[in-house]
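Annotated in TrEMBL:
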type	residues	note
DOMAIN	21-276	domain 'NADP-dependent oxidoreductase'
ACT_SITE	TYR57	active site, proton donor
SITE	LYS86	site 'Lowers pKa of active site Tyr'
BINDING	HIS119	substrate binding site
Amino acid sequence: MKMSSKTQKMELNDGHHIPVLGFGTYVTEEHLKKKSMDSTKIAIDVGFRHIDCAHMYQNEKEVGQAIQSKIEDGTVKREDIFCTSKLWSTSHRPELVRPSLESSLRKLNLDYIDLYLIHFPVPLKAMEKCKDAGLTKSIGVSNFNCRQLEMILNKPGLKYKPVCNQVECHPYLNQSKLLEYCKMNDIILVAYGALGTQRYKYCVNEDTPFLLDDPVLCAMAEKYKRTPALIALRYQLQRGIVVLAKSFNEERIRENMQVFDFQLTSDHMKILDGLNRNLRYFPGYLFNTHPSFPFFDEY
């Protein structure tokens with residue numbers, strides 16, 4: 001894997017490049033879909049070029065409108081934007097893969113997706129056909145552990161190795177073993193939930209600690225004159241992880257781009273490594289349509 005500090009991109013194992021900082025577009029029913037459009041426009045304006053979407057978020061139309069508006073006003077060209085979408089578990093029959101991808105393309109108003117992710121390997125051949133047809137440039141996986149990655153890598157007739165594995169990852173769940181396995185196999189780890197969560201009522205209870213209130217993280221933020229969020233994001237980048245950041249707040253969206261303006265020392269990286277407590281903000285039951293559920297404990 002190669003990373004360019006000038007372009008802030010990493011090379012995928014199929015030769016394409018992924019921006020190391022992505023903008024997450026997940027939205028709950030607590031938020032209006034309009035916020036997805038407005039926040040995505042702001043993200044592109046301040047410099048985000050990696051937009052992470054999914055069919056299950058039910059806002060690809062709004063995100064697509066934001067991308068198109070920024071193309072039309074000359075802020076970006078289509079090739080400047082790296083757009084990810086995902087095939088949800090209920091559509092993992094081979095005959096549904098291409099129609100699901102084409103549905104996302106219509107909603108996003110795009111001719112191709114830069115990266116398409118699956119949650120388990122049943123429709124792998126169908127995914128490969130989508131890549132061959134030019135509907136997606138790269139294919140990857142999400143929420144896979146080492147054993148499941150190994151199943152794919154050893155699959156007879158495998159045409160394209162997954163370029164990435166998108167999983168929950170943050171200082172309280174640093175995924176060190178999974179990261180090591182991915183690096184050994186030239187698969188990039190992409191971190192969602194990198195700042196903890198926004199206290200989604202179906203994910204956490206009142207006793208769940210706030211990642212960004214962690215005293216170690218806060219003390220380090222004060223030392224670097226940054227926010228705890230920036231320390232958490234920078235930590236991932238220096239580990240060779242592509243990190244997704246989500247916010248509806250314009251000030252925070254702008255702030256997240258400052259992650260490239262400083263660097264953590266190796267001693268401070270080790271201290272942050274020590275924060276790991278294998279705490280998940282997104283519980284396993286959210287993914288219980290996965291055929292090998294439960295599987296999170298094997299990361």
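Glycine is treated like the rest: Cβ placed from N, Cα and C.
Here the structure is a predicted model, which means the values were calculated and not measured.
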How far is it from HIS119 (substrate binding site) to TYR57 (active site, proton donor), counting Cα to Cα, in Å?
15
By a simple count, how many Cβ atoms lie within 10 Å of the Cβ of the residue listed as 'substrate binding site', its own Cβ left out?
23
Measure from the CA atom of LYS86 (site 'Lowers pKa of active site Tyr') to the CA atom of the residue listed as 'active site, proton donor' and give the result in Å, rounded to a whole number.
10
Under 8 Å between C-beta atoms and at least six apart in sequence, can you list the same-chain neighbours of LYS86 (site 'Lowers pKa of active site Tyr'), or say none if there are none?
CYS53, ALA54, HIS55, MET56, TYR116, LEU117, ILE118, HIS119, SER142, GLN166
Tell me the Cβ neighbour count for TYR57 (active site, proton donor), meaning other Cβ atoms within 10 Å of its Cβ, over all protein chains shown.
20
